[in-house]
Amino acid sequence: MEMSKASKQTARHEESEHVQNPEPYQSLSPRRSLKLKQKKWWIFVSLCIFLVLLGDSLVMLLLNFFYVQMEQDFHEIYDQDLQYKGTWTQALIQNAAFPILIPLFFIFPKPKQNLETNNTRFLTLRLFFLYLSLGVLVAAHSKLFALGKLVSNYGIFMLISTTQLIFTAILTAIINRLKFTRWIIISILLTIVIYVLGIPKFGGQPHEGEEYGYNIQAWLAFSATIAFSLSLCLIQLGFEKLLVKTKRYGNKKVFRMVLEMQICVSFVASIICLVGLFASGEYKELKGDSKRFKKGEAYYVLSLVGLALSWQVWAVGLIGLVLYVSGLFGDVVHMCTSPLVALFVVLAFDFMDDVFSWPRIGALLGTTLALGSYFYTLHKRNKKKMSELN
């Protein structure tokens, strides 16, 4: 009898504690709770869009600064076989600054673990292979993109790269089962036009005599775009089918997942690029490159560090959009930044043939239509969830 009374008192005490310390949104009505969740969702989406815009702008500005400061006869110093110079370095820079995200990973709060969630060794093994395959894809894209910019006509390379959004749409429909609406299709078409008209100037493109054949240029561009599109779709698949199901996240999408994904994938990609840097012998030329830098070795190092940090800002924003919306939306936002980035390049550099022309102004205005079309779809989706509670 005494034992039963004690157990009843303990149960009552636990119930009172549970009432005093309810779960987040538990004390609110379902409608109010959903409103707060959607508001929080919009804040994170807006933050990720800002990070993508900031990262894209800083990367292009610093890349132009880097190549403008190199000697004008940079390609003429070397023979044809050495025109791949700097590509492994640029590929490594795109991924190497991931350690700065590790402190942030531990700063962001952990969600409450779901003990009922399966966290088997099989799930961990699948996550390992996901990070490994994504690291290979990201390293391949980084290398091909850096190589294509330096040995191809930049305009042709970027025009072919517009197919990236088409590949992303097709792969997202196949892999992630994304349902397309007419507003999403309108957004895709507008984004392609915006990207073509708003391509920013790049100071590192080769002279006419140094360009490789159009077949090689096309293959470089197509390979880079396919690798990028496939990586976005696999990241989204990893979030939805693997990371969310782990015990540490308990069926919740949190920003901490973005940092985990970027850290693990960049770690694998950095190792691959580092091996390529030493295997190709490119590391031997780093000291010579720093001496040819017009602003001096200190600015050479600072520009590379700035590039590495900027790439991480961009990647975190992009992966965040993949988590909270989709890989397709992340690609749309990334490509819609091109006219604004072009404006920054025009203002920052005095390229003789580069002006912010009327087509670019039209592309900048069209950005609001492209993003607005996609936002309308997201708004209708959230509104539908709200109406289901009535």
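Using the three backbone atoms N, Cα and C, a Cβ is placed for every residue, glycine included.
Values in this document were obtained by computation on a predicted structure and should not be read as measured data.
As recorded in TrEMBL, the features of this protein are as follows:
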COMPBIAS  11-20  compositional bias 'Basic and acidic residues'
REGION    1-27  region 'Disordered'
TRANSMEM  41-68  transmembrane segment
TRANSMEM  88-108  transmembrane segment
TRANSMEM  128-148  transmembrane segment
TRANSMEM  154-176  transmembrane segment
TRANSMEM  183-204  transmembrane segment
TRANSMEM  216-237  transmembrane segment
TRANSMEM  258-279  transmembrane segment
TRANSMEM  299-325  transmembrane segment
TRANSMEM  332-352  transmembrane segment
TRANSMEM  358-377  transmembrane segment
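By the Cβ criterion (distance under 8 Å, sequence gap of 6 or more), the transmembrane segment (128-148) is counted as touching the transmembrane segment (258-279), at least 3 such pairs being found. When the stretches 154-176, 216-237, 258-279, 299-325, 332-352 are ranked by Cβ pairs under 8 Å to the transmembrane segment (88-108), first place goes to 258-279.
Contacts between the transmembrane segment (216-237) and the transmembrane segment (299-325): present, as 3 or more C-beta pairs lie under 8 angstroms, all at sequence separation of six or more.
Across the candidate stretches 41-68, 183-204, 299-325, the maximum count of CB pairs under 8 A to the transmembrane segment (332-352) is reached by 183-204.
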